Amino acid sequence: MLLVPAVYSDPSLKVGFYKRSCPAVESIVRRTVRRAVSRNPGIGGGIIRMHFHDCFVRGCDGSVLLKSGPGGKQSERDHPANNPGLRGFEVIEEAKNRIESVCPNTVSCADILAFAARDSSSKLGRINYAVPAGRRDGRVTVFDEVTDNLPPPTSTADQLVANFARKGLSADEMVTLSGAHSIGASHCSSFSARLYSFNGTHGTHDQDPSLDRKFAAALKATCPRPPRNGGGRDPLVPLDSATPNWLDNKYYVELTAGRGLLTSDQTLVENSLTRKYVAVNARYGATWTAKYVKAMVKMGSIDVLTGSQGEIRSSCSFVN
């Protein structure tokens, strides 16, 4: 297992934050995550994605975990970018309940999610790293802020670079973090426009010409043409067809062969800036792993609440 030290984080976060107040916290999260991912590897990809979706909206404050409140006010969790795509909420809640039984009112849900994303990376890719902690939980969740902050699966490389730059992440870090698509799955509705009557910059095609034709045929066998009036079946498809349950650099190898599932995946090899990062990551797995660790730690520090800010929730699904 590769252990990479944390190199960048918000100075108010620190490794071993709970060493005295709740020394068992990381082992509790690790056991909970490993059990869940052993039963269903897709949960691991879901937890890593949940951490990303949390950090990009209001910072890493656990706001993505909050359920909608009374009065019909919808939360981030109910946004189409998160529902039904995100998985693993019950794992975070289980870990929180176990921690509350030994260390009540001590560990934030935001930190539990950061630990769980690391433990998912460890379980599915043998990638382990130290997680700086000390985040506090936010009290606010806003449905519309998801649209404003999360890049959709139809994003171009330029749009992705700009989106990540607003969060303080470089183009190289954006491409590196996209490697988390080595695990997990996506619903057909997220990419079916690439398979049927594709409207590209050079006109309309029967399918996205950047797709490998055999790969496209396999996808069409799983994903039916969407009905004109909406609805219909919406199966899940692995984001990485080569190693769908293993976190590695094969995702980038697949991109170079025209087998990126989402537009936001395949666009990375069509842009002159991001293409070079894809090539390096495809060729040097250890290099990508080291960059992934650094980028995950840096992402986990985006706009964190610390000190007396926010709160420590008793339940991850509701504010106190």
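Glycine is treated like the rest: Cβ placed from N, Cα and C.
According to TrEMBL, the active site, proton acceptor annotation covers His53.
Residues or ranges marked as Ca(2+) 1 binding site by TrEMBL: Asp54, Val57, Gly59, Asp61, Ser63, Glu76. Sequence-distant neighbours of Asp61 (Ca(2+) 1 binding site) (same chain, 6+ apart, CB under 8 A from its CB) are Asp54, Ala110, Arg135, Arg136, Asp137, Gly138, Asp303, Val304, Leu305, Gly310.
Look at TrEMBL and you will find Pro151 tagged as substrate binding site. For Pro151 (substrate binding site), the Cβ neighbour count at a 10 Å cut-off comes to 17, with all displayed protein chains included.
Per TrEMBL, the feature heme b binding site maps to His181. When Cβ atoms from all protein chains are considered, those within 10 Å of His181 (heme b binding site) total 25, not counting its own.
Counting every protein chain shown, the Cβ of Asp240 (Ca(2+) 2 binding site) has 28 other Cβ atoms within 10 Å. The Ca(2+) 2 binding site annotation in TrEMBL covers Asp240, Thr243, Asp248.
Annotated disulfide bond per TrEMBL: Cys22-Cys103 (among others), in sequence order.
Marked as disulfide bond by TrEMBL: Cys55-Cys60 (among others).
The disulfide bond annotation in TrEMBL covers Cys109-Cys316 (among others). Neighbours of Cys316 (disulfide bond), defined as other CB atoms within 10 A of its CB across all chains, total 23.
The disulfide bond feature in TrEMBL is assigned to Cys188-Cys223 (among others).
Positions annotated as domain 'Plant heme peroxidase family profile' by TrEMBL: 12-320.
According to TrEMBL, the site 'Transition state stabilizer' annotation covers Arg49.
Annotated Ca(2+) 1 site Asp54, Val57, Gly59, Asp61, Ser63, Glu76; additional same-chain residues within 8 Å of its Cβ mean position, judged by their own Cβ, are His53, Cys55, Phe56, Arg58, Cys60, Gly62, Val64, Gly138, Thr141. When pLDDT values are averaged over the domain 'Plant heme peroxidase family profile' (12-320), the model yields 94. Cys223 (disulfide bond): 22 other CB atoms within 10 A of its CB, across all protein chains.
Across the fold, the C-alpha of Ser63 (Ca(2+) 1 binding site) and the C-alpha of Cys55 (disulfide bond) stand 9 Å from each other.
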